[in-house]
Structures are given as structure tokens and as C-alpha cells.
């Protein structure tokens with residue numbers, strides 16, 4: 001049986017909406033269960049430096065609806081070394097921290113897993129990333145919010161696209177996976193959605209745009225995931241289409257970092273609150289090296305090594321829906 | 001094997017965000033699969049009157065992001081009578097409509113089921129209601145959007161609550177079920193959430209508010225579902241608290257009908273698009289008397305009589321999360 | 001010539017969006033001009049108790065976009081007495097505060113003016129109220145934001161109103177003045193706007209609604225300012241219309257306190273920033289007993305007694321525009 | 001005295017939020033005053049082709065809150081030729097159109113002025129552009145909305161900037177003028193604002209960023225107007241700062257076309273409604289070759305040639321406010 005009296009919590013890697021709600025949940029669950037809770041600033045970097053602060057239920061007042069992370073976040077090279085991890089361990093020991101909850105993506109989880117293997121230190125992960133690319137959970141924290149941010153931006157772009165009968169290429173986040181592109185593309189009513197998992201070629205894109213125009217559509221939105229390989233990049237794709245389809249005015253918009261921020265959606269707030277409770281409970285039950293996920297609207301625990309190695313697959317049904325919708 | 005050549009689609013009962021996205025999906029799926037599609041205006045009332053309009057892919061241009069329903073909606077007494085249903089059947093026959101997709105809640109589904117029993121007419125339901133009270137689907141269309149609307153409104157109310165150290169009672173929709181109250185309450189960081197499924201008594205509420213104040217909280221938000229029975233209504237609850245806890249300034253806010261409107265969230269748009277495809281496909285596969293639902297992020301089909309009779313249950317885990325979060 | 005070395009700042013009365021931006025501006029202008037700045041919590045009540053905190057440029061980090069007021073606000077009976085004001089003066093003297101900037105409405109300004117008369121204490125006002133009812137400024141802080149909040153809520157209500165062909169009565173803030181109702185009513189495309197400054201009678205309203213319906217409008221929104229006297233209140237108005245115009249389904253929505261909160265609009269943030277600079281500068285120039293206002297997009301100073309006694313008038317041109325728009 | 005019986009209305013040049021509200025106002029004012037109103041599609045291009053449609057009060061139902069323009073918009077080379085304008089005149093004559101209201105920017109106004117000079121055709125302009133660069137009006141239609149869009153996007157970017165202690169360069173619209181950059185920069189709490197009207201040099205920018213960092217600021221936002229000349233472009237500016245200030249992680253975000261779209265703010269809706277009324281009235285009063293503007297919250301009329309030739313000046317007071325606020 002575990003004897004956990006003080007739990008650390010931190011965020012790591014790229015930030016995502018809902019991280020603050022998850023921090024709040026971890027802190028308040030600790031308070032509720034009479035366990036001490038320590039905020040670790042700047043992720044693994046702050047762990048190495050001992051950048052710790054004791055937190056109570058009031059420390060996380062009014063943050064459930066704030067984007068970003070009050071504990072800050074960073075990527076940390078030093079933690080990739082044995083020496084770095086040893087320093088971190090010493091700091092945790094010195095501060096009396098018995099276990100930690102890490103909120104982040106697969107890089108952050110890999111660090112936690114190795115740390116656990118080396119020092120037997122209890123760790124639980126909460127998947128915080130807008131990319132939805134973590135195995136073992138249907139949704140990651142921040143994905144739902146990012147989708148809303150993207151469709152709201154594209155709704156605005158569509159106003160100007162349809163006023164001018166223009167074609168817009170809109171780049172959204174997703175270096176390796178097309179979940180944001182595919183879902184936001186369907187949600188925004190995009191004509192075409194280009195994702196890293198599929199490369200149907202730029203000729204097919206051109207054909208599709210021509211067919212769409214001749215069917216009476218006056219304006220079009222094409223969503224392009226960052227990591228898509230149809231063109232070298234979105235700007236060259238634009239040039240290709242302009243060169244081969246001259247009667248269409250083409251514009252490019254790269255949505256960029258605003259996709260990471262903003263007040264989390266209700267869904268992300270609730271999911272974060274639930275996951276924080278489960279993470280603390282799991283540690284107190286003596287569990288370790290697991291990630292909290294959601295499946296069929298129930299919380300589940302997955303071994304971190306599976307969460308990292310598994311691959312999320314693009315949804316074939318949704319690709320088909322997107323094709324039908326652009327009829 | 002079914003021989004469906006013309007499909008009707010309509011919305012019925014209270015409107016919800018995502019209904020237009022579902023209509024668009026049904027219409028475009030028909031176009032994609034070379035089936036004719038007819039919009040039926042004003043629900044069953046329009047069916048009785050033959051208020052029909054042939055729709056094509058362009059008819060549903062630019063509606064995916066609009067609240068409400070372009071086909072209008074109504075409640076219809078006449079359809080509850082055998083004569084009314086016979087008139088409706090004759091109109092559908094005269095127009096050559098072979099099957100229909102009904103987007104609505106359980107009242108609308110009951111009508112469809114009886115209609116199917118009486119005339120052997122193929123029907124498929126899509127659950128469109130903000131209340132999330134339909135069995136056979138984890139989420140109904142509009143629920144996610146309504147939650148976002150509610151938390152955004154409460155975020156605003158919290159600004160003024162915390163500036164004045166006030167206690168706010170906020171009424172949200174939910175006559176019979178507390179799903180909106182419970183989820184939006186957790187999402188908005190409410191101190192207490194009062195739902196129809198649970199009545200813990202107003203004395204307990206008072207104790208909780210006093211404890212919360214003495215623990216250092218300066219302002220509080222209490223979410224009250226429309227159908228909650230803790231007080232006779234939200235205004236009497238306010239008076240009771242004021243009388244028994246005089247040092248707290250109390251205010252009431254009834255969010256009302258704005259909860260039904262607004263641009264649908266990305267989630268609701270995607271779900272509506274997926275459900276529309278599945279509904280049309282199911283009819284073409286010869287299926288009938290079923291509702292399309294989502295479970296574990298997969299679409300499933302449930303017999304309409306089960307969808308109506310089954311009861312959605314309030315989530316015990318989420319009630320516990322809400323208690324812990326208000327620590 | 002003034003010799004001001006330490007300036008107090010506080011918010012008083014009802015909160016409004018932009019108050020935090022104004023606090024931030026006062027604090028940073030003091031820092032920029034090497035004057036000390038003290039935040040006074042809870043308005044005049046905190047002044048009497050000496051609830052002070054020294055602030056620097058970093059104290060107001062990340063608040064420009066937050067609704068409410070980090071300095072809290074209250075109404076204070078004790079400050080209406082000579083004794084209360086003497087206590088406040090002693091506290092200010094003890095803390096070495098030489099002058100103050102009050103952000104609030106006319107009640108707050110009246111207190112400041114009397115305080116100035118009694119103790120010769122330098123005071124400058126910044127108009128912070130959503131009601132836009134202060135003489136000497138075209139716009140008060142928070143008015144623009146509140147208008148956006150109201151039209152966004154009514155846009156949502158319109159979705160459901162037009163899906164059901166309903167008539168909605170929507171109550172907005174404005175006990176004595178109809179500025180919110182009139183502007184938001186025009187902005188939301190309301191059929192009728194009922195304001196305290198005009199009572200044309202409920203018979204005329206009924207005629208107008210009937211005319212509007214017969215002209216082909218299927219749904220209608222009527223905006224009612226809190227202080228309107230056409231009916232006893234909005235619920236009786238509803239009953240009157242239902243009794244006399246039975247074929248119209250009528251609903252009521254009271255928008256309530258959400259109108260006071262939320263992230264301020266860009267306009268309110270800029271105006272607050274400008275007013276804060278001018279307020280501090282005016283004190284350092286030896287000016288007192290003035291309110292900063294905006295007129296023709298320029299900042300102006302008005303004697304506080306004029307700001308209080310003057311009356312803002314409802315805009316006849318805008319009433320005419322509202323009539324034409326509901327054609 | 002004018003004898004105007006049929007008025008044309010169109011949008012021209014880049015679209016801006018509020019154009020639909022202005023179209024609605026022109027159409028409804030015509031209906032109210034018993035003048036016929038014709039919508040001209042695609043600006044001058046549609047005028048040349050006779051792309052006209054008679055409009056009544058119901059034609060503009062539910063568009064007050066929509067971005068873009070239902071009449072579409074375009075730039076038109078042919079109208080720059082005498083022949084093109086003659087064709088347009090013949091089309092207007094053939095359709096019995098006696099006068100027109102043009103909603104657009106200075107390019108569109110120049111066309112109208114020349115057309116008026118050549119054919120004595122009555123024209124009135126309404127300033128519709130997000131850039132706020134038209135002389136004779138304090139605010140153009142769409143400027144207020146664009147500012148809100150920009151600050152909301154930057155609020156999101158700030159979440160991620162401050163979670164990572166990053167420096168962001170954010171590009172906003174404004175090729176020749178810095179009004180959006182300056183106002184949104186102050187509204188978003190930007191550290192630095194770079195506008196076309198001022199080029200203080202990149203060395204000074206670097207100094208300012210270093211000073212700001214050493215004063216304890218952990219993250220910074222720099223707003224760059226499209227037309228700024230401090231660097232060759234925003235990406236080179238980023239490289240320069242990275243090269244010379246290596247301990248700062250720098251990111252770039254180009255907000256792009258979403259700035260032109262979206263539901264107009266209440267202010268823009270009201271202003272559009274007022275301007276539409278005044279434009280029609282002015283034509284009926286026999287006036288011509290004027291632009292409707294707003295000054296000191298009153299509508300004024302300015303000769304179009306002044307509106308085009310005059311220069312809007314950047315506000316020195318606001319530049320000073322921006323400096324003080326970034327203390």
C-alpha cells in the first residue's frame with residue numbers, strides 16, 4: 001500500500017487549454033484527501049532547480065477558465081540526461097515529495113516513465129496537448145478547445161471568402177497527425193482537408209477544386225495540416241493552384257499559436273477536473289506509471305509505455321463524412 | 001431490400017444548435033448517393049399540411065455554423081391523433097417521399113415510432129436536444145454547445161460576483177434532468193450544483209455555503225437546474241438563504257433561452273455531420289425505427305422504443321468530482 | 001503647484017468591464033512618472049479601514065483583459081457620514097496618500113466631491129459604469145462591452161425565436177436610462193425598444209406587433225430596459241400581449257448580471273488606458289474635482305459637480321433609426 | 001429639388017464587418033420612405049453587367065449580425081475606363097436607378113466621384129473598411145469589430161506566450177496606416193507597437209525588449225502593422241531579434257484575413273444603421289458627392305474629394321499612452 005503524503009504537479013511541453021483546470025483539480029483533490037500538494041514550476045527544468053511552491057485550495061482560485069498554465073511550462077534537455085534526472089530526484093526528496101502528476105504530451109510522459117524506472121518514483125500522467133495524438137484516451141485536454149478556436153477563425157475567413165468568391169488555404173496545427181485538420185475541417189465545412197496521414201497528390205486537389213467550382217460553389221476553404229505533404233508547404237500549394245487554375249483568386253492564412261490559447265471549452269474543463277481527481281486517487285491507491293485517459297466517457301488508466309508507443313489512427317469514417325459533406 | 005428514392009427531413013420539438021448541421025448532412029448525403037431529398041417545414045405540422053421543398057446540396061450552403069433550424073420547428077397536437085397521422089401519410093405519399101429522418105427529442109421520436117407502426121413508413125431519428133436526456137447516445141446534438149454558452153455566461157457573472165463578494169444563484173435549463181447543470185457547474189467552478197435527480201435539502205445547502213465562506217471563499221456561484229426541488233424555485237431559495245445567512249448579498253440570474261441558440265461548437269457540427277450520413281445510409285440499407293447515437297466515439301443504432309423508454313442516469317463520478325472541486 | 005507623491009486608486013459602486021484596465025493604467029502611469037501608487041480595496045469602505053496596498057507596474061500584469069475589479073468594489077453607507085469621511089481622511093493621511101483617482105459612477109463621484117470640499121483633498125474621477133449615464137463623457141467605461149454582451153445574447157435568442165416563430169421580450173439593464181436598450185436594440189435588430197425615457201403605452205406596442213406580424217415578420221424581439229414603465233414589469237407585459245394577441249407564442253428572457261462582466265472590448269480597454277493616464281497627469285498638474293471624459297475622441301475634463309448633475313439625454317436620432325430599421 | 005424614385009446600393013473593395021448592416025439600413029430606409037431600392041451585386045463590375053435585384057425590407061432579414069456582404073464585392077478595372085463607366089451608366093438608366101449609395105473605401109469613392117462628375121449621377125458614400133483610414137469620419141465601419149477580433153486573438157496568444165516566457169511578433173492589417181496596430185496594441189497590452197507612420201529603428205526595439213526583460217517581464221507581445229518598415233518584414237525582424245537577444249525564444253503569428261470577418265460589434269451595427277438612414281435621406285434631400293461620417297457621435301457629411309485626399313493622422317496621445325502602458 002502506498003504511503004503518499006506529498007504530491008507534486010507540473011505541466012510540461014507545449015501548453016494547451018485545460019492545463020490550469022487540471023492543476024486546480026490535482027491541488028483541490030489533494031486538499032480534499034488531506035495530502036499536501038506542491039506546484040513545480042517550469043516542468044522538469046524547475047524540478048531540477050527545486051522551483052517548488054506549496055499549494056492549497058485557494059492557490060488555484062479562478063484559474064479553471066484560463067488558458068495557458070500558471071505553473072509555466074518548458075522543454076528540458078537536462079532531464080534527458082541521467083545526471084539531470086538525479087538532480088531532480090534529489091530535489092524531490094529534499095522537498096519531501098513522494099509522487100508526481102505530469103500534465104503534458106508524449107515527450108513529457110517518456111521522461112516520467114524513465115524517471116520511474118530509474119528511481120521507482122510514483123508518477124501518473126494526464127494527457128495535455130491540443131493534437132489529440134496520445135494513445136489510451138479518446139480526447140486529450142485542449143483538443144476540443146482548439147477545434148472551437150479553429151472553426152471560429154474559419155467562420156470569419158469564410159465571410160470574406162464568400163464575399164469575394166475566393167479560395168482560401170488555411171493552415172492549422174498538426175505536424176504529425178491530422179486530427180485538428182480533419183475535425184475542424186468538417187466542422188468548418190471545408191471543401192478539402194489535407195492531412196499528413198494521406199497524400200492524394202496535388203493533381204487530385206486541383207481536379208476537386210475545379211469540380212467544386214463548376215458545381216456552383218463560389219468560394220472554397222481548404223484546410224491544410226502543418227505536416228501535410230501535398231505541396232512542399234502551404235505557400236507553394238497556393239502558387240501551384242494559381243498557376244493551374246487562374247480564374248480563382250487564392251489566399252493563404254496560417255492560424256498559428258492562437259490555437260494553443262484561450263479559455264477552455266466546458267468539455268475540457270470537465271475532463272480536466274475529472275482527470276485530476278483520478279490521477280491523485282491512483283497515486284494514493286499505490287498505482288504508478290499510468291496515464292489517465294477517457295474512453296466511452298469513462299476514465300481509464302493506461303500504462304505510460306503504451307500511451308507513448310501506441311499510435312492514434314485517423315478516422316476513416318470521418319474522412320468519408322468530409323468527402324460527402326463537400327458534395 | 002429497401003427501395004428508397006426520396007427522403008424527407010425535418011426538425012421537431014425544441015430547437016438545438018447543430019440541427020442545421022444535421023439537415024445539411026442529410027441533404028448532402030442524399031445528393032452524394034443520388035437520392036432526392038425533401039425539406040419538411042414546421043415538423044409534423046408541416047407534414048400534415050404538405051409544407052415541402054425539394055433540396056439540393058446548394059440549398060444548405062453556409063448553414064453548418066448557424067443556430068436554430070432553417071426548416072423551422074413546432075410542437076403539433078394534430079399528429080397525436082390518428083386522423084392527423086393519416087393526413088401526414090397521404091401528403092408524404094402524394095409527394096413521393098419514401099422515408100424520413102426526424103431530428104428532435106423523445107416526443108418527436110414517439111410520434112415517428114407510432115407513425116412507423118401504423119403505416120410501415122421507414123423512419124430514422126437523430127437526437128437533437130440540448131438536454132442530453134436521450135438513451136442510446138452519450139451526447140445529443142446541442143448539448144456541448146449549450147454547455148459552452150452556460151460556462152461563458154457564468155464566467156461573466158463570476159467577474160461581478162467576485163468583485164462584490166456576492167453569492168449568485170444561476171438557473172440553467174433542465175426540467176427533468178441535471179446534465180447541463182452538473183457539467184456546466186463543474187466547468188464553471190460552481191460551489192454547489194442543484195439538480196432534479198438529487199434533493200439534499202436546503203439546510204445542507206446553507207451549511208455548505210457557510211462552510212465555504214469560513215474557508216476563505218469570498219464569492220460563490222450556485223447552479224440550479226430548472227427542475228430542481230431544493231426550494232420551490234430559485235427566487236424562494238434566494239430568500240431562504242438571505243434570511244438565514246444575512247451577511248451574504250445574494251443575486252439571482254436565470255439564463256433562459258439563450259442556452260438554445262448560437263453557433264454550434266465544433267463537436268456538435270462534426271457529430272451532426274456524422275449522424276446525418278449514418279441516418280441516410282441506414283434508410284438505404286433498409287433499416288427503420290432506429291435512432292443514430294454516438295458511443296465511445298462510434299456511431300451506433302438503437303431501436304427508437306429503447307431510446308424513448310430508457311433513462312439517462314446522472315453521473316455519480318461527476319457528482320463526486322463537483323464536491324471535491326468545491327473544496 | 002501640486003506636490004503629489006503618492007496617489008490612491010479604487011473602484012466603487014457597481015463594477016463594469018474596463019475597471020481593471022483603468023486601474024492598470026493609473027498604476028503604470030504613476031510608475032512611469034515616478035509617483036507611488038496605492039491600491040485601495042473595497043472602495044470607500046476600504047478607505048475607512050485602511051485596506052491599502054502599494055502597487056507597482058508588475059502588480060497589474062495581465063489584468064487589462066479581465067472583467068470585474070481586482071481592487072473589489074462596494075457601496076458604503078459610512079462614507080455618507082461626516083465621521084466616516086473623517087476616518088477615511090485620517091487613514092489616507094497616515095498612509096501618506098496625497099490624492100486619489102476614483103473609478104465609478106455618480107454615487108461614487110458625489111462622495112469624492114464632498115470629500116474634496118471638506119478636506120481639500122485632490123480627487124479625479126474616471127467614469128466606470130455600463131449604463132453610460134454620466135454627463136461630460138460620450139462613453140463610460142464598460143458601456144461598449146455591455147452592448148456587445150447584450151447583442152451576442154440576443155443573436156442567440158433570435159436563433160430560437162425564428163425557429164419557432166416566437167415573440168421574445170428581453171430585459172436589459174438600465175433602471176433610469178435607456179442607452180443600453182436603445183443601442184443594443186438597434187444592434188440586435190429588435191422590433192421594438194422600450195425605455196424609461198419614453199412611455200408610448202402598451203396599446204401602441206400591441207398595434208406595432210400586429211402590424212409587424214401582418215407585414216410578414218415571423219418572429220420578433222422586443223427589448224425592454226429594466227426601468228421601462230410600459231407595463232408594470234416585463235412579465236405583466238408578456239401577459240398583456242398574450243391576452244390580446246393570442247396567436248403569438250411569447251417568451252421572456254431577463255439577461256441579468258452577465259451584462260456587467262466579461263473581457264472588456266478593445267474600445268473599453270483603450271479608453272480605460274487613456275483615461276488612467278489623463279487622471280494621473282491631471283492630479284500632477286494640480287487639478288482636482290474633475291472627471292476625465294471622452295468627447296469627439298479627445299479626452300476632456302469636466303467638473304465633477306457638472307458630471308453628477310447634468311443629464312444624459314436619449315438620442316432622438318437613434319430612436320428614429322430604430323423605428324426605420326423595424327420596417 | 002431631387003426626384004429620386006429608385007436607389008441602388010452596393011459594396012466595393014475589401015469587405016468589412018458592418019457592410020451587411022449598412023445594406024440592410026439603406027434597403028429599409030428606402031422601404032420606410034417609399035423609394036424603390038435595388039441591390040447591385042459585385043460592386044462596379046456588377047453595375048457594368050447590370051447584375052441588379054430589387055430589394056424590400058424582408059430581403060435583408062437576419063443579416064445585421066453577419067460578416068461579409070450579401071451583395072458580394074470586387075475590385076473592377078473596367079470601371080477605371082471611360083467606356084466602362086459609360087456601360088455602367090447605361091445599365092443604371094435602363095434599370096431606372098436614379099442614385100446610388102456606395103459602401104467601401106477610398107478607391108471605391110474615387111470611382112463614385114468621377115462617375116458623378118461625368119454623368120451628374122447622384123452618389124453618396126458610406127465608409128466601409130477595417131483600416132479606419134478615411135478622412136471625414138472618426139470611425140469607419142468594421143474598424144471596431146476588427147479591433148475586437150485582434151485583441152481576442154492576442155489574448156489567446158498571450159496565454160501561450162506567458163506559459164513559455166516567449167516573445168511574440170504578431171502582424172495585423174494596415175498597409176499604409178497603423179490604426180489597427182496602435183489601438184489593438186494598446187488594447188492587448190503589447191510591449192511594442194510598430195506602425196508605418198513611425199520607424200524608430202530596430203536597434204531601439206532591441207533596447208526596449210532588453211529593458212523590458214530586465215524589468216521583470218517574462219513574456220512580450222510586439223504588434224507589427226503589415227506596412228511597418230522597421231524590418232524588411234516580420235520574419236526578418238524575428239531573425240534580427242533572435243540573433244541579437246539569444247536568450248529569448250521568439251515566435252511569429254500573422255493574423256491575416258480573419259480580421260476582415262465575423263459578426264460585427266454592436267458599435268459597428270449601430271453606426272451602419274445610422275449611416276444607411278443618413279445616406280438615403282441625403283440623396284432624397286438632393287445632396288450628392290458626399291460621404292456620411294461620424295464625428296463626436298453625430299453624423300456629418302463630407303465632400304467625397306476631401307474624404308479621399310485628406311489624411312488620417314496617427315494619434316500622438318495614443319502613442320504616448322502605449323509607451324506608458326508598457327512600463
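Glycine is no exception: its Cβ is also placed from the backbone N, Cα and C atoms.
Sequence-distant contacts (6 or more apart, same chain, Cβ under 8 Å) of residue C:131 (active site, proton acceptor) comprise C:105, C:140, C:143, C:173, C:174, C:176, C:177, C:179, C:180. As annotated by TrEMBL, active site, proton acceptor applies to C:131.
Taken from TrEMBL, the feature ATP binding site covers C:14, C:75, C:76, C:105, C:106, C:107, C:108. DSSP assigns residue C:106 (ATP binding site) to a helical segment in the three-state reduction. Shown in sequence order, C:133, C:134, C:307, C:308 are the residues of the chain, 6+ apart in sequence, with a C-beta less than 8 angstroms from the C-beta of residue C:106 (ATP binding site).
The ADP binding site feature in TrEMBL is assigned to C:24, C:25, C:26, C:27, C:28, C:158, C:189, C:190, C:191, C:217, C:218, C:219. Long-range Cβ proximity for residue C:191 (ADP binding site), meaning a same-chain Cβ under 8 A and a gap of 6 or more residues, is found for C:208, C:209, C:212, C:217, C:220, C:221, C:222, C:326.
TrEMBL lists C:106 with the feature Mg(2+) binding site.
Per TrEMBL, substrate binding site is recorded for C:129, C:130, C:131, C:166, C:173, C:174, C:175, C:226, C:251, C:257, C:258, C:259, C:260. Under a cutoff of 8 A between CB atoms, and with a sequence separation of 6+ in the same chain, the neighbours of residue C:175 (substrate binding site) are C:196, C:225, C:226, C:227.
Feature annotation from TrEMBL assigns domain 'Phosphofructokinase' to C:6-283. Note on the domain 'Phosphofructokinase' (C:6-283): its mean pLDDT in the predicted model is 96.
Comparing Cα positions, residue C:258 (substrate binding site) lies closest to C:14 out of the binding-site residues C:14, C:75, C:107, C:218. Of the recorded residues, residue C:218 (ADP binding site) and residue C:260 (substrate binding site) place their C-alpha atoms 32 Å from one another.
Cβ packing within 10 Å was compared across the binding-site residues C:28, C:75, C:260, and the lowest neighbour count falls to C:75. Across the residues annotated as binding ATP (C:14, C:75, C:76, C:105, C:106, C:107, C:108), the two Cα atoms farthest apart lie 14 Å from each other. Counting other Cβ atoms within 10 Å of each Cβ, the binding-site residues C:26, C:76, C:258 show the lowest value at C:76. In this structure, C:218 is the one among the binding-site residues C:108, C:129, C:218 with the smallest number of other Cβ atoms inside 10 Å of its Cβ. Looking only at the binding-site residues C:24, C:26, C:28, C:107, the one with its C-alpha closest to residue C:251 (substrate binding site) is C:107.
Counting only the Cα atoms, the space from residue C:24 (ADP binding site) to residue C:129 (substrate binding site) is about 17 angstrom. Of all Cβ atoms in the protein chains displayed, 27 besides its own lie within 10 Å of the Cβ of residue C:24 (ADP binding site). In sequence order, C:14 are the binding-site residues from C:14, C:26, C:76, C:107, C:108, C:189 with a C-alpha within 10 Å of the C-alpha of residue C:129 (substrate binding site). Annotation for residue C:14 (ATP binding site): spatial neighbours C:73, C:105, C:129, C:130, C:260, criterion Cβ-Cβ under 8 Å with sequence separation of six or more.
Listed binding-site residues (C:28, C:189, C:260) with a CB under 8 Å from any chain D CB: C:28, C:189. A separation of roughly 26 Å, to the nearest angstrom, links the Cα atoms of residue C:75 (ATP binding site) and residue C:28 (ADP binding site).
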